[in-house]
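J.: Look at TrEMBL and you will find 1-388 tagged as domain 'Major facilitator superfamily (MFS) profile'. Marked as transmembrane segment by TrEMBL: 27-46, 52-73, 202-228, 240-260, 267-289, 295-313, 334-358, 364-384.
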Amino acid sequence: MYAVGGLLGSMSVRCIAGRFGRKRAMIWNNVVSIVAAVIMFTSRGANSFEMILIARFLFGFTAGLGGNIHAIYLGESSPKKIRGMVTLTSATFISIGKLSGQFFGLREILGREDSWNILLCVSTCFSVVQLLTLPFFPEAPRYLLIENGNAEACKKALQSLWGRGEYKLEMTEMVLEQASIKGETSKSLLELLRDRSVRWQLITMVVVYGCIQFSGITAISVFSFDIFKEAGIPLDKIRYVTLGVGVSEVLTSITCGLLIESVGRRALLWGGFGAMSTIMILITITLNLKDYSFWIPYSTVGLIFLFVIFYGGGPAGVLPSLTHEIFIQSCRPAAFVFTGILRWLGFAVLGLVFPFLIELLKSVSFVLFACMCLLASFYIFFYLPETKGKTLLEISEEFKNITLCENPLSDDKTLETRL
């Protein structure tokens, strides 16, 4: 139900963000999250599993909607020179959210039978903080100028977020992007899929998001207990090992934020996927040799830590920035709908399939994950252009110049291309 809610929340991004704006949409999203927490908290007293299902659905909906709108808001509010670092913070706080869940889920805190309904409401603390602080933030500047045509409100928002200044160059870039879409409203998902000028961007999202979902990270996050049990770790130590994995992901995400503007998105992506592929092969080997020596299960744990580190420092950290940068304003909401569908469908499918996969194939299932990581690494290395320090129109132009067998995938010539 959580995955179904997340899928529907992602699909509603374009409609809700376009109608209410980025800021108001996030405020109302947190109201829904608080309502979900009330339903979850009272479900135990009411002895109602239906209330649990409704609450999990609403929590998933707020995660799917809020996560995407948050990333859009960050991208539309950040200066070009630190755009990657700012949008990456969404991945950092997702990692912190997962770590918080792991921490409060310890038996010494809330991981007991008599407090499960309180544990499943922990995320609402973050919703309350957002509900109290978001009214003091301005609307996203790019949204105000490009979609609403309000230059004065855009300037005030820029000054509120970035400090005093005229910001003529930044506003000129927004006006050029506004001209490139020729007054179009934001595209629907169907219109986006039919637009040949963004074909390479869509292919990139399918490859990267698909490979992330089947890279093994979801399996490690959701089924870490089963994986560590398969590796031979004592049952009473597994929850602490899982907590350590969460800490390493947070620290790596912060480190990635310090590197993304100097190293660039492309190198972090293909290098991260390449390292993840190698580590998955090594995990397969150690799982098969776990009975030969006492230290081999612990080497498996070390490899899983390394896998999470390369994931947090590569694909997880770069993806929010990349998703924002490769689509212009009119395509972006529909693009987040598209990537949301890919993410949540992959999450749901893997959640259903992986328990049977690891039961049937045991450690060999990790070879499949290694192949997916290798595929993503090759695609990014040979096809994905660098987006660091470029305007959205320049990035769009680079995607139009990608060739497959010396022939461009699209020969459309638009005002955006000429600009």
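Positions of Cβ are set from backbone N, Cα and C atoms, glycine also.
It should be emphasised that the depicted structure is a prediction, and the values quoted were computed from it without experimental measurement.
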J.: Tally Cβ pairs under 8 Å between the transmembrane segment (364-384) and each listed stretch (27-46, 52-73, 202-228, 240-260, 267-289), then give the stretch with the top tally.
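T.: Comparing 27-46, 52-73, 202-228, 240-260, 267-289: 267-289 has the most Cβ pairs near the transmembrane segment (364-384).
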J.: State the residues, same chain only, that lie 6 or more residues beyond the ends of the transmembrane segment (334-358) and have a CB under 8 A from a CB inside it; answer 'none' if no residue qualifies.
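T.: For the transmembrane segment (334-358), the sequence-distant neighbours (Cβ-Cβ under 8 Å, at least 6 residues beyond its ends) are 3-4, 6-7, 9-14, 64, 68, 71-72, 186-189, 191-193, 198, 201-202, 205-206, 209-210, 212-214, 218-219, 222-223, 226-227, 230, 323, 327, 365.
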J.: Using a Cβ-Cβ cut-off of under 8 Å, list the residues of the same chain that are 6+ residues beyond the ends of the transmembrane segment (240-260) and lie near it.
T.: 84-85, 88-89, 91-92, 95-96, 98-99, 102-103, 106, 220, 224-225, 228, 233, 268, 301, 304-305, 308-314, 316-318, 321, 388
J.: Between the transmembrane segment (202-228) and the transmembrane segment (295-313), are there three or more CB pairs that fall under 8 A, provided the residues in each pair are separated by 6 or more in sequence?
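T.: Yes, since the transmembrane segment (295-313) and the transmembrane segment (202-228) share at least 3 Cβ pairs closer than 8 Å, they count as touching.
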J.: Could you pull out which residues elsewhere in the chain have a CB under 8 Å from any CB of the transmembrane segment (27-46), counting only those six or more residues past its ends?
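T.: Distant Cβ neighbours of the transmembrane segment (27-46) are 16, 20, 52, 54-56, 58-59, 61-62, 65-66, 69, 116-118, 120-121, 123-124, 127-128, 130-131, 134-135.
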J.: Which whole number is the mean pLDDT over the domain 'Major facilitator superfamily (MFS) profile' (1-388)?
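T.: Averaged over the domain 'Major facilitator superfamily (MFS) profile' (1-388), the predicted model reaches a pLDDT of 87.
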